[in-house]
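A quick write-up on the structure given underneath.
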């Protein structure tokens with residue numbers, strides 16, 4: 001029995017992702033084998049794992065048992081809270097002790113950067129105090145404007161009054177390494193909390209994380225620009241901050257800037273108003289790494305787009321890295337100049353999808369641990385099964401549970417969780433699915449639901465299918481590739497064409513607009 005389980009576990013570990021294996025298979029344990037009845041009993045530590053393993057993995061485990069014993073075997077799954085404690089197969093070598101982990105978190109990140117700066121400071125000669133800085137070096141050194149809401153270099157009062165923009169080092173001696181590390185965070189606008197170490201990885205984001213690590217290791221060389229897109233709360237901002245934090249660790253003094261697209265637009269306007277645009281340009285063109293978040297906010301801002309285009313060209317020409325995020329695929333962003341879209345496409349574009357079940361559980365468990373709370377797996381699975389959209393929603397739900405538990409003086413249980421999330425769970429139960437959209441549209445236009453997946457192209461089928469794709473994009477959080485997959489494995493460009501076509505026709509066709517309104521109200525209940 002134990003030999004079989006060792007064999008079975010090894011095969012499943014190769015077939016599954018690490019997170020799937022650790023979450024579902026590793027906690028299982030064989031507890032009994034009846035050779036006369038050809039039955040094998042496998043224990044799971046809780047009800048959620050038991051139900052999930054039975055529905056997802058029982059067939060594969062049964063097949064492996066039949067192959068191992070060369071006879072049909074009935075695999076039974078039983079509940080045993082102690083299963084996880086004895087899941088290692090008999091005879092297996094004990095795991096080697098892991099080396100202690102280095103401290104993580106913002107304090108550790110700042111400390112590492114400070115040490116890096118101190119090493120560089122001791123090795124490099126100090127520049128004479130009266131040597132003027134070059135414009136590009138000064139632009140990288142100063143980030144604070146005379147007006148607090150625009151990121152341009154500060155000026156001595158007499159120069160500001162004279163309207164001159166002379167660049168020079170800040171007064172006084174160089175700060176200590178720790179102070180310089182803090183100052184670097186202030187200038188770069190990076191959040192030291194957001195690192196690769198505390199980024200939970202799963203199927204939904206593993207490609208994006210791999211690309212981010214590659215860029216952090218080889219900035220300006222691999223994937224320039226890197227364009228990450230996906231819905232809100234899926235970890236795009238976390239990843240780009242992680243890249244910036246990693247580069248600060250690897251390269252003390254790197255010129256890095258994180259900025260939200262809305263702030264960039266605002267700063268462009270203010271730079272023009274204050275006749276400080278040369279300084280603005282000089283600063284952005286001198287960066288080593290530019291992280292710009294939610295670039296869809298550039299939509300319709302032609303002057304901002306023009307200036308960003310020139311900044312982009314200058315940075316890439318200088319082998320500086322550009323990283324961009326958006327809530328949607330680049331070609332789907334309306335109101336963006338074609339020149340910019342082509343530049344976005346010249347690097348690597350990666351989607352971040354909503355987290356799968358195992359990843360949602362891992363996020364909840366890790367977040368609870370960071371709050372000093374020991375969250376049971378039963379509760380984590382319950383929440384993860386009911387809340388599926390994004391990380392922020394999961395973290396918000398966990399905060400509600402913790403607050404409810406503290407206020408009522410009760411331990412966290414599934415019952416308490418249901419009470420704490422009552423309103424949220426009600427909303428989730430009414431959530432619109434692509435499958436429901438397909439059925440509703442098919443009924444409305446009197447076609448078969450199967451026509452939504454078929455390759456048929458008659459107008460009486462193709463048009464309702466395009467309408468269903470449009471509604472799926474408007475009413476769900478699915479990405480274009482996900483929607484395409486749910487419509488018979490179609491390419492995301494087919495979905496994009498349908499969405500744009502129906503959106504354009506809706507603005508011109510009153511009858512179509514009325515039909516869409518009726519469908520939307522039906523779906524929203």
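Don't overthink the numbers, they just go from 1 along the chain as shown.
Placement of Cβ uses the backbone N, Cα and C atoms for every residue, glycine included.
According to Swiss-Prot, the feature ATP binding site maps to 233, 235, 236, 237. The Cβ of residue 236 (ATP binding site) lies under 8 Å from the Cβ of 208, 228, 229, 230, 293, 325, 352, each of these being in the same chain and 6 or more residues away along the sequence.
The feature compositional bias 'Low complexity' is assigned by Swiss-Prot to 168-180.
As annotated by Swiss-Prot, region 'Domain I, interacts with DnaA modulators' applies to 1-71, with the evidence given as sequence analysis.
The region 'Domain II' annotation in Swiss-Prot covers 71-188.
According to Swiss-Prot, the region 'Disordered' annotation covers 161-180.
Taken from Swiss-Prot, the feature region 'Domain III, AAA+ region' covers 189-405.
Break the region 'Domain IV, binds dsDNA' (406-525) down by DSSP state and the numbers are 87 helix, 0 strand, 33 coil. As annotated by Swiss-Prot, region 'Domain IV, binds dsDNA' applies to 406-525, with the evidence given as sequence analysis.
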Cβ-based isolation winner (fewest other Cβ atoms within 10 Å) among the binding-site residues 233, 235
233
Check each residue in the chain of residue 237 (ATP binding site) that is at least six apart in sequence and keep those whose C-beta is under 8 Å from its C-beta; list them in sequence order.
194, 293, 325
